[in-house]
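What follows is a single structure, written as structure tokens, with notes after it.
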Amino acid sequence: MAAYSNSRSMRFEDDIESKPRTMFTLSKSNKVHPEKQQQSLKHKMLSRVFSEDYSSAKLKKKILDPRGSIIHRWNKIFLLACIVSLFVDPLFFYLTETQSSDCINIDTPLEVVLTIIRSLADVFYAMHIFIKFRTAYVAPSSRVFGRGELIIDPSKIACRYINSKSFWLDLFAALPLPQFMIWFVIPGLKGSMIRNTKNIIQLIIIVQYIPKLFLIFPLSSQIVKSTGVLLETAWAGAVYNLILYMLASHVLGACWYLLGIDRKEGCWREACQLQSSLCQFDYFDCQSISDTRNTWYQSSNLSDMCSPNSSFYDFGIYGEALSSRITSLSFFHKYFYCLWWGLKNLSSLGQNLSTSTHIDEIIFAIIIAILGLVLFGLLIGNMQSYLQSTTVRIEEWRIKKTDTEQWMRHRQLPPDLRQYVRRYEQYRWLATRGVDEEALLNSLPMDLRRDIKRHLCLDLVRRVPLFDQMDERMLEAICERLRPALYTDGTYVVRELDPVNEMIFIIRGHLDSTTTDGGRTGFFNSCRIGPGDFCGEELLTWALDPRPSACLPSSTRTVRAISEVEAFALVSSDLKFVASQFRRLHSKQLRQKFRFYSHHWRTWAACFIQAAWRRHKRRRSLKELSEAEGIIELMEFEVTESETNVPNPGPEAFVARLVASSRRGTTAEDVVVGMVKPLKKPTEPDFSVDEDI
């Protein structure tokens, strides 16, 4: 095991790619020296590499990782190019048009535009073939271990791609067959150019369109397999399915237009056969119009015989195209009309179509009905799935809200409690949008969870002066254990004398913190806390005690939310862990900061200052009273020496007796009669290092 402890990777033997084994022996004189072997390996190129080590390979710029971001981005671009190409190909059916003189012509400007657009689309197919020649693949024999090994040998990649069916499919889809036929093959054919163009284009487009159509399905599956979803948002997925439905309508409309022209030409041919001695089929080509053709056309009744309202020929479902004269309109007019016709009949499953007895027409109507049934069902199902994914949270919240209302009605809760429950559920929905943040974070890896908690809580924890002296590692430990908490207006976070089981750090909102010192008469203290403040510091004092009691400390204050409050809570067990590490921080400033920012200590300090001031006033009063008593005694002594008779009791004597009696009967307890008993000093938190630890 020690010999293989430093091995970085494993190599798998692929049966398909392995070379024939040869047996050989090494003589003692032909031993391979390690230094020479190492130098020879430097000149060899690796044919395999792990996906994790691909970023350090020298062929990264030449060979692409099939699971890399470049391939993912290219697959989405190529999928868009495929959809554009599928929309472009049926537009070639609109090249033929009818003229007022009952002949068929080719729209040359449209032919040029479609050739350019189709050539640009073919460039993407050619680029896709080139990228596949430069895309590594996973060795089949290595898939049993992790993500497998990537084959980065260009010759092996090319051999594998050429021997696969996808290469010939990609190559056939990339061939510019319509452009080649229109500009090079058809002009050299004999006979009617219009008829040759119509038939060849119809055949080529259909034959090449089917492989292109089936090409987008494995491409979509590859995108879903690599990224998990085809599109990032639900609305984009719904639009994608709608585009595919519109593509089917677009194809059916173009086929209906071309078959309508073909049916009208069939009517002309039947009328021409009635006058076979004077009529020729070439007369229906606008490029072969001559004086003989004009003479025959003026003498014939071709326009009336091939009218949609005529009983001479049954146009079936193509009569609408002829009666609306879309075959002689401009491109945009006939395109949008045919698109509407295809969308209308695809959505209605072809129920409004009245066919003739022609077999090809009946087959076309059957295809419309089947495609409409399948595609309309897929469209509704996929769009419903995509759109429901956007409202699933709202629906779950609505169901839970209904269940809560039924439960409160069943338990006969009073109206005020019901209102509190409704407000809390509404506020929790607005704050979290129905997402269980705790479950979401627990499903993530530890390092990612730590980074998210650090991003959400670190600034908040640093705003607490009690924790700003801690190092980064201890702050991260606190952030990992913070849990989100929500409070609505009027909610009591903790009541006085109740056990404190968590310490609250406020993010948003305000709370009122009051105390009566255990319900003592004549004592009341109140303050308001907001973002950046904390409450429940009694729990910190309990947690910092090296030998804490089993019972949780009692709250010295009543904390009540006066608005919607978002906060993070640190429960007693987590705070105990943090405090056990916190006592090891030798910082004398922490004691002063805890006293300064603790509302309990602030209240005690205020009461202590008040009591000290009252003691000062009492001492000053006693001092003044003592000075007045000395003056009166001196006056009494002078009076007794100057008068021998018993003095009449006057005001001075009355004051003297009153002072004497006050001095003799006054005690320290009598002086503080009517004063409030001082508030008990809070328990001092232990920031020192325990000797037993």
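These residue numbers are counts, starting from 1, taken along the chain as shown.
Cβ from N, Cα, C; glycine included.
Taken from TrEMBL, the feature domain 'Cyclic nucleotide-binding' covers 466-549. Annotation comment: TrEMBL describes 77-95, 171-189, 201-219, 239-259, 362-381 as transmembrane segment.
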Go through 201-219, 239-259, 362-381 and flag the stretch with the largest number of C-beta pairs under 8 Å relative to the transmembrane segment (171-189).
201-219
Are there residues at least 6 beyond the ends of the transmembrane segment (77-95) whose Cβ is under 8 Å from a Cβ of it, and what are they?
106-107, 110-111, 114, 117-118, 121-122, 124-125, 127-128, 178, 197, 201-202, 205, 208-209, 212-213, 215-216, 219-220, 223, 243, 247, 250-251, 254-255, 257-258, 331, 334-335
With a Cβ cut-off under 8 Å, give me the same-chain residues at least six positions beyond the ends of the transmembrane segment (201-219) that come close to it.
75, 78-79, 82-83, 85-86, 89-90, 92-93, 95, 166, 169-170, 172-173, 175, 177-178, 181-182, 251, 258
In the domain 'Cyclic nucleotide-binding' (466-549), how many residues does DSSP put in helix, strand and coil?
18 helix, 28 strand, 38 coil
How does the model score the domain 'Cyclic nucleotide-binding' (466-549) in terms of mean pLDDT?
79
